[in-house]
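Asks: Below are the features listed in Swiss-Prot for this protein:
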type    : residues                                                  : note
BINDING : R83, Y139, Q211, P212, W213, P214, F215, P216, H217, S218 : substrate binding site
BINDING : C113, C116, C131, C134                                    : Zn(2+) binding site
BINDING : A177, E197, E238                                          : divalent metal cation 1 binding site
BINDING : E193, E197, E238                                          : divalent metal cation 3 binding site
BINDING : E193                                                      : divalent metal cation 2 binding site
DOMAIN  : 140-268                                                   : domain 'Nudix hydrolase'
MOTIF   : 178-199                                                   : motif 'Nudix box'
Amino acid sequence: MNRFPTERPADFVDDLKVPAAPDALFFIVREGKLLLSDAGELPSGHSLAGQAVIALGRLGERPVFALPLTGEAPAGAQLVGLRQCFGVLPDGLFGLAGLAVQLVDFQRSHQFCGACGTPMRPGEGDRARRCPSCGLRVYPRVAPAIIVLISRGTGPDTEFLLLRGPRQAPDVFTTLAGFVEPSETLEAAVHREVGEEVGVKVRQVQYRFSQPWPFPHSLMLAFTAEYAGGDIVPQPGEVEEAQWFTVSDLPQLPPTFTASRRLLDDALATLRLSGDFATT
């Protein structure tokens, strides 16, 4: 399976003690945005002296760091939203950009202990923040979320249940997704979210793959499921429109770097391999 661009590159090694070097790679972040040159390149040649630098690791032999930008973007550079960096950054760097944005935000939002208010300190040997007063330790947040492709029928009669949310483009439809609740299994989350968002029931829930999703700090767990009954009832405020689409007449789909798109592409590829249906 091809790697998602939101993943860490295969040749990246996590290293909290990586030393500085002249060829070091820097992800400079402010409010979830990356500092890029006007040519769309990452900054280089920065000094680490006196800066709240976060060691990420090594990309091959090249040290990689993240650090917050406290002022405005300098001349010849601009702050670019993480989503807008897709296709701009070289291959393999988008996933590290997501890691940098998440860790800078974690450091910013955990400057003080949530239990006693004492200034937090970096953990030793891990990504945690620790309180020197009461001993509280907190780690970078990862919010698990399920995403599921619901289908019915076989061969050329296969249909997918797709929806459009209030924050999506009006002509783009995607698969259903939602966060996992405390004490809930992933499979139970699939059944609950399907019932809440579109009002139908499903069966044959099967795990497919996962994808890190740094918007802002999710891990997508992808599933497929078969329709088991019920009428579509869109959840008010969460789902603008939901309907069945035949595989020969699909709407505009999400970008290729999303878990939703991979679920759909994999399902279509399976239909092609079955030999009884050709998709274009």
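Cβ from N, Cα, C; glycine included.
Note that the coordinates shown come from a computational prediction; the quantities given were computed from them, not determined experimentally.
Describe the structural context of these features.
Replies: Residue environment of W213 (substrate binding site) contains 21 other Cβ atoms, counted within 10 Å of its Cβ in all protein chains.
In this structure, C116 (Zn(2+) binding site) belongs to neither helix nor strand by DSSP; it is coil.
Long-range Cβ contacts of A177 (divalent metal cation 1 binding site) within its own chain (separation 6+, distance under 8 Å): A145, I146, I147, V148, E193, M220, S260.
Counting every protein chain shown, the number of other Cβ atoms lying within 10 Å of the Cβ of E238 (divalent metal cation 1 binding site) is 15. In the three-state DSSP classification, E238 (divalent metal cation 1 binding site) falls within coil.
With a 10 A radius on its CB, E193 (divalent metal cation 3 binding site) counts 22 other CB atoms from all the protein chains.
With DSSP classes pooled into helix, strand and coil, the tally for the domain 'Nudix hydrolase' (140-268) is 26 helix, 54 strand, 49 coil.
The average pLDDT for the motif 'Nudix box' (178-199) in the predicted structure is 98.
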Asks: Cα-Cα, whole number of Å: E197 (divalent metal cation 1 binding site) versus C131 (Zn(2+) binding site)?
Replies: 40
Asks: Between C113 (Zn(2+) binding site) and H217 (substrate binding site), how far is it from one CA atom to the other, in Å?
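Replies: Between the alpha carbons of C113 (Zn(2+) binding site) and H217 (substrate binding site) there are 20 Å.
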Asks: What's the most sparsely packed of the binding-site residues C113, C131, C134, counting other C-beta atoms within 10 A?
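Replies: The binding-site residues C113, C131, C134 were compared, and C134 has the fewest Cβ atoms within 10 Å.
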Asks: Counting other Cβ atoms within 10 Å of each residue's Cβ, which of the binding-site residues R83, H217 comes out lowest?
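Replies: Per-residue Cβ counts within 10 Å for the binding-site residues R83, H217 bottom out at R83.
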